[in-house]
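Quick look at what TrEMBL lists:
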ACT_SITE  B:Lys79  active site, charge relay system
ACT_SITE  B:Ser154  active site, charge relay system
ACT_SITE  B:Ser178  active site, acyl-ester intermediate
DOMAIN    B:24-466  domain 'Amidase'
Amino acid sequence: MSINLHDVEHVAKLARLLLTDEEKERYTDQLNAILKYADKLNELNTDDVQPTTHVLPIRNVMREDEVRPSLDREHVMKNAPEEEDGQFRVPAVLE
Amino acid sequence: MTPLDYTLAELKQQLSARTLSATELTDAVFARIAATDGTVQAFLTLNEEQARAEARRYDDKYIQGEGLGALAGIPAGIKDNIITEGLRTTCASRFLDNFVPVHDAFVSRKLKEAGVITAGKLNMDEFAMGGSNENSAYQVTRNPWDVERVPGGSSGGSAAAVAAGQVPFSLGSDTGGSIRQPASYCGIVGLKPTYGLVSRFGLVAFASSLDQIGPLTRTVEDSAHVLQAIAGHDTMDSTSANVEIPDYAAALQGDVRGLRIGVPKEYMGEGVDPKVKQAVLDALKTFESLGATWEEVSLPHTEYAVAAYYLLASSEASSNLSRFDGVRYGVRAENPDNLIDLYFKSRSEGFGSEVKRRIMLGTYALSSGYYDAYYLKAQKVRTLIKQDFDQAFQKYDLLIGPTAPTTAFKIGEQINNPLQMYMNDILTIPVSLAGVPAISVPCGMADGLPVGLQIIGKPFDESAVLRAAHLFEQATEHHKLRPQL
């Protein structure tokens, strides 16, 4: 499979990345080289192979659903780029 | 002899006997950093004032004979993707240029409990993506053995700082070789524990199914002491293993007589520098002289590991890095038109080129219509790679080969060819995919540059890995070599 400029634009949009024309061209070339290399995996027949979801035999980890303290709001807001009334301020979501 | 020439056990003994104070040791650390870091450029942030204050506090405690942690009063450096309360943590990214964590990572807390003083935060490839430190948004750390060359990566700052004698030890993180490869390039000891042995809580996630924190040290015994301090179960990491933690320093005792070593033939073939190969063969002779036996073994799916790894790690990264949106922390772009525009601009301005490339690859591999062909296929190949190791470990106690196919390369030499750069990790990536522990120890020099020997063990058998590495180290002089700076 190969990837074209249009695919790169689509993927960049999904990933919320703005790319310059130069970046789009460079990534098209580089991703094509990487994906071409990844085609190597198709040499292997994996029809009867289970995918690895975890390297260790670990099951779901459960705990009691109890109320516990979390970070206090003042601490959480310390790294906020913009804050108002103890909340993260963002630009308008709807026009 | 300066305080920085001692092992951790010797430092602790001297601190306890009060022939050395934590203040003197901390002064020596910052004097060494001041003298060498203009050249090496290992540190992104120094914690000097706080470290000196803590050193004085430990000196008082030593005088009063209070119960003290195993590493009390010993300074260390921490890779900048491990969060430290109140101390700037950037992941070497512009995106987190102003980020000051409000709590500690599990390992940061464990080091504090052991009495370790944080000297500062160490450079890396941005978000741990890279093998040279050239992907740092701030600076290119230099290899102390040859400042024209890379220290390796992504834990390049952590390796260079230890090799340059700036700190007694450091912590790094390893996703596809990011502790072992820089340890190899810088001539020190780097341990990647079994996946799950050390909690990832507070390690900024790159590829969650692979990431693992571990120590970079000058000796294997030091590695055992640091691992002891940071290993253990943590309810805040759902993949943290609930296993009994052995006494790793005690595990160094004993011998390797009768030990069965497998040498993967794929690790000694084409692409491996003949001088690297020779150093490994010499090391195997040392193991023979210690009473171990070795023979060739095949890990037949080795050649597929890099392709599987880059699809899996990039896919996980694209998901993990979606949290960097400019809303709650990090650098927010100015004057966005609306919320979506804020995401686009903040991410595009905040991330460097390699990070964007991997997000693009991962987003593509996970996107509708391609998931089965890339992500699922890679997960299946990962199973085959893991089975290679399972089978080899039915017959052998340890696997041994080179850590990296070459010694450290020159800065700028591979930066425009991502695939070539990825191949430097060809011998460390399979181990990461299998989740098993491995250590890199110095095993010789090639043209004035260190060569690393990789010793790979069964899951949670760090004791056997450390013991073999320790006995090898005791039988050789490689770890005593120091770069001239």
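Positions of Cβ are set from backbone N, Cα and C atoms, glycine also.
Annotated features taken from TrEMBL, shown on the structure.
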{"residue": "B:Lys79", "record": "active site, charge relay system", "DSSP class": "strand"}
{"residue": "B:Ser154", "record": "active site, charge relay system", "DSSP class": "coil"}
{"residue": "B:Ser178", "record": "active site, acyl-ester intermediate", "DSSP class": "coil"}
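The number of other CB atoms found within 10 A of the CB of the residue listed as 'active site, acyl-ester intermediate', across every protein chain shown, is 36.
B:Ser154 (active site, charge relay system) sits 5 Å from the residue listed as 'active site, acyl-ester intermediate', taking the CA atoms of both as reference points. If you take the Cα of the residue listed as 'active site, acyl-ester intermediate' and the Cα of B:Lys79 (active site, charge relay system), they are about 11 angstrom apart, rounded to a whole number.
With a cut-off of 8 Å between CB atoms and residues at least 6 apart in sequence, the same chain places B:Lys121, B:Leu122, B:Met124, B:Ser155, B:Gly157, B:Ser158, B:Ser170, B:Leu171, B:Gly172, B:Ser173 near B:Lys79 (active site, charge relay system), listed in sequence order.
Mean pLDDT across the domain 'Amidase' (B:24-466) comes to 96 in this model.
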